[in-house]
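Reading through the structure tokens given below for one structure.
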Amino acid sequence: MSKCHNYDLKPAKWDTSQEHQKQRSALPTSRPGENGIIRRRSSIEELKISPLFVVRVLVAAMTIRFTVITLTWLAVFITLLCNKEVSVSSREGYCGPCPNDWICHRNNCYQFFNENKAWNQSQASCLSQNSSLLKIYSKEEQDFLKLVKSYHWMGLVQSPANGSWQWEDGSSLSPNELTLVKTPSGTCAVYGSSFKAYTEDCSNPNTYICMKRAV
């Protein structure tokens, strides 16, 4: 008989600890869909806005709105103010056409003549140019005449009938228009400055001012 060999028929024991560890390491660390949930949570957290940020945004919006409203009202106010100034200046400063070399002021034409003549001659010179000697009718509208420094014949004379002072057109002198400084012999008047006139002998030669209404 042949010899019987003793074989160890016990099932072989495999060291499965390392194999199991490999398998566990190969398994996914999260459940299916968990990564998507995490990403969504991160996005939601990013979308969260702090209350301080909201307050800053509101303050900025209110500031911009207030600035826009303020600028709008300021523009309206400036426009109205400019229109008012233009209308007033246009009305007061309007002056129609005047002859060459004449001064136009408040719708009247003025000419200063440097030649010396008696009052009657000065009056005739103005009449030849469709004008009359200077008449003061409003300090406000003839304000530029206060700057005149020399003496000029004007259209003011003393009436021989009653001794009153009248303009060429027959109207009486108003003390609110002109201050008249009288001398014993003068029956005509020269304009000085600052709305003051001085009586003088009508035969004395003086320069004169002609005046007429602008067309």
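Here the Cβ of each residue, glycine as well, is placed from N, Cα and C on the backbone.
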Second cysteine of the disulfide that Swiss-Prot assigns to Cys126, among Cys202, Cys210: Cys210
Second cysteine of the disulfide that Swiss-Prot assigns to Cys188, among Cys109, Cys202: Cys202
Among Cys95, Cys109, cysteine joined to Cys98 by disulfide in Swiss-Prot: Cys109
Cα separation, Cys210 (disulfide bond) to Asn130 (N-linked glycosylation site) (Å, whole number): 9
Shortest C-alpha distance to Cys210 (disulfide bond) - which of the recorded positions Cys104, Cys109, Asn162, Cys188, Cys202: Cys109
Cβ neighbours of Cys104 (disulfide bond) where a neighbour is any other Cβ within 10 Å: 16
Asn120 (N-linked glycosylation site) and Asn162 (N-linked glycosylation site), Cα-Cα, nearest whole angstrom: 20
